[in-house]
Amino acid sequence: MTRKYFGTDGIRGRVGEAPITPEFVIHLGYSAGKVLTSSDWHLSKGERPAVLIGKDTRISGYMLESALQAGLSAAGVDVLLSGPMPTPAVAYLTRALRLQAGIVISASHNPFEDNGIKFFSALGAKLPDATEQEIEAGLNAPLKAMPSAQLGKARRVNDARGRYIEFCKSTFPNHLDLRGLRVVVDCAHGATYQIAGPVLHELGAEVVAIGIHPDGLNINHECGATHGAALQEAVRHHRADIGVALDGDGDRVIMTDGEGMLYDGDQLIYLVAKHRKQNGLLKGGVAGTLMTNLAIENGLKKLDIPFARANVGDRYVLELLQIKNWQLGGEGSGHIICLDKHTTGDGIISALQVLYAMRDSGKTLTELASDVTLYPQQLINVRVPKGFDAHNSLAIKTAQAEAERDLDTTGRVLLRASGTEPLIRVMVEGESGQKVKHWAEKIAEVVRNAAAGERSVEKALPN
């Protein structure tokens, strides 16, 4: 059974347009509540299931939170409200408070006009596909509230922020601190705005916090992990030792050194893996994605660290880690998963693992990263007819084979279809920037011509 609403990261869309409407979200809460109350959650007789709702700082969060709460309450589920809270914090608190599920209202790194809803299980992991399908199956059922005595209650979790701050700090070794470090942290006017700074400060750092004035409309706007320029400028202006930028819901991180040089998720994973390997702390290998820079794979090989690629998306990285029984993985966008520290990707905790490597080794971020330089990489998006399959084109196959022969072991070619738009993404990377540019443009042109030919055939066909 295919899912209509749930994607790889919950349900997401433009606010006010289906499915991100108050009416839909009430039904979503009700259906999710009915699934919870009908499942075997090992509850005592008469005990109601309880769910935590967290959100980021989008103005639409108030509306969607109320709708979700109403639907859950109508189904007989108690609701705990955390207010603005990072996605990984909701995953942690769901486990820590022994709740039946956690729900996050967020569209992550997207602009404020978008929003979304994602679910966590009692174990702090994303819901199994089967459970999401069960929730979807109940969306069209009539909303019939429980008798008044059985309606769910709601309350605020006033210590949610403090609990999560302490959890983050617990992932940093007790024998080390951040005294003497000036750290700029960019919270993207998002869910970490009252959390990331205190975590770093309580570990001893001198903290300069930016992106901490959310107004409901400015989340991710020219700041945070998707706009590193704001962090670079602040690090240089304040003469900081290091910079940390998170996205709107706190599950992504990028960093800068004291010169303002940006380090993406690929590089940060490499640094953490290298430190763990050198100290006998690395279990297994590292999971990346199809887009992980080849220089990272080659660098890990030199350190005798196994590496494997998953499809793009932190959900698939997590699945690969679980299959291989490894602990460390992620992607260049800044989703980093440390399964020995948390059940899901966590921007703050990932940054702390990099800071741990710095403090433990006595080296700066620049020094730690000096042995690996990312290969030039070019990505070109080519618009194609819906359903176009690049792998069926002999011309495209020939061009790709020619590029791979020329690049040999010093480069890589990847063609993949977008999961959301009618696009073929042409990615070429390698040691030679000149070769990368040449082959990316050549293959993209071949794809355009093949797609144009298919359009011509479509037009020639009778209606």
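Cβ coordinates come from backbone N, Cα and C, glycine included.
Quick look at what Swiss-Prot annotates:
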ACT_SITE  SER108  active site, phosphoserine intermediate
BINDING   SER108, ASP247, ASP249, ASP251  Mg(2+) binding site
MOD_RES   SER108  phosphoserine
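Apart from SER108, ASP247, ASP249, ASP251, the residues listed for Mg(2+), the same chain places the Cβ atoms of ASP56, PRO86, THR87, SER106, HIS109, GLY190, ALA191, ALA225, LEU246, GLY248, GLY250, ARG252, GLY347 within 8 Å of the centroid of those Cβ atoms. Note: ASP247 (Mg(2+) binding site) has non-local neighbours SER108, HIS109, ALA188, GLY190, ASN220, GLY224, ALA225, THR226, VAL253, GLY334, GLY347, i.e. same-chain residues 6+ apart with C-beta under 8 A of its own C-beta.
Shown in sequence order, ASP56, PRO86, THR87, VAL104, SER106, ALA107, SER108, HIS109, GLY190, ALA191 are the residues of the chain, 6+ apart in sequence, with a C-beta less than 8 angstroms from the C-beta of ASP249 (Mg(2+) binding site). A simple Cβ count within 10 Å picks out one of the recorded positions SER108, ASP251 as the most packed, and that one is ASP251.
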